[in-house]
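As recorded in Swiss-Prot:
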| type | residues | note |
| --- | --- | --- |
| BINDING | ASP125 | Mg(2+) binding site |
| BINDING | LEU192, VAL203, ILE206 | K(+) binding site |
| DOMAIN | 181-275 | domain '5'-3' exonuclease' |
| REGION | 205-210 | region 'Interaction with DNA' |
Amino acid sequence: MSAHLILIDALNLIRRVYAVQERPFIQIKQDHDDELSASTLKQVLFNTQNTCVNALIKIIDQHQPTHALTVFDSQEPCWRYQLFEGYKKGRKKMPDHLANKLIDIQDAFMEQGVDSLTSDEDEADDLIATLAVKMALHGQKVTIISTDKGFLPLLSPNIHIYDYFNRRYLDEEHVQSKFSVKTSQLIDFWTLTGDNTNKIEGVSGIGQVTAAKLLNQYGSLKAILEATDLKDSLAEKLTQSLEQMDLARKLLTLKQDIPLGFNLKDIRLTTSSSAHEINANINLTTDDKS
């Protein structure tokens, strides 16, 4: 029997839950041109924590994993901000009261037998990618719980992505329907178009339709750049954007080689009686060659 690891993109879950819990009070706040009272904030945070814990329980119950981990972003800027100071520029900052509540939510997750992972240097996305790929290389199943499209390039027979809020898997069919390219072409696709969500610029004048058309015709960005039959105007745009495309690719590509320093058995669910016997010695560090 194989292992099944659930990786929860914690802030993706928590921020969405918080927004739903806060929403009923937003209009009241606007009508009175005032901040929410301390008691109201306390109730919103209490509801957020309870809803997140209930979501965790539902996820475990639905997917029946043998192992699970919630992965958090650090509150400190990651390496991508050092590479590009405009990364995620303009994105709404997490409210301090919610940021201060994260440790309590982590503790609540731990009470359910699910530990948390955070890195000061790397984003949760990089940690999740490293874990997912490591498990997949060992032939084990991974399900990533997130709505973040950045995980889509990881899709494989052993790596699945589940949107908890819309109750659906984000699969190859979803990628083709939304972007009109293959999963293996997504990084090239976003390198050309840019990623507005994270404020990553692409090639000026190339949108999703053109990018998809080029990738479907030539197969990859490398092949596009080597093509000799491009229109002069397009070839010029690409030539002028080589440096930007290199930066975009670095920002868009998730790390898969972060040293983690623990074994699969460390994150097994104690409620899974067989989990201790299932591949319990898989070393989730990058120096494991087994």
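Start at 1 and count along the chain as shown; that gives each residue its number.
Cβ atoms are placed via backbone N, Cα and C, with glycine included.
On a predicted model such as this, the values are computed, not experimentally measured, just so you know.
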Reported mean pLDDT - the domain '5'-3' exonuclease' (181-275): 94
So, by DSSP, how many helix, strand and coil residues make up the region 'Interaction with DNA' (205-210)? 3 helix, 0 strand, 3 coil
Fewest-neighbour residue among binding-site residues, criterion Cβ within 10 Å, set LEU192, VAL203: VAL203
Is VAL203 (K(+) binding site) helix, strand or coil when read with DSSP? coil
Would you list, in sequence order, the residues of this chain other than LEU192, VAL203, ILE206 that have their CB within 8 A of the centroid of the site's CB atoms, where the site is the one recorded for K(+)? THR191, THR193, GLY194, GLY202, SER204, GLY205, GLY207, THR210, ALA211, LYS237, LEU238, SER241, MET245
Quick one: pull the CA-CA distance for LEU192 (K(+) binding site) versus ASP125 (Mg(2+) binding site), whole Å only. 21
What counts of helix, strand and coil residues does DSSP assign across the domain '5'-3' exonuclease' (181-275)? 56 helix, 6 strand, 33 coil
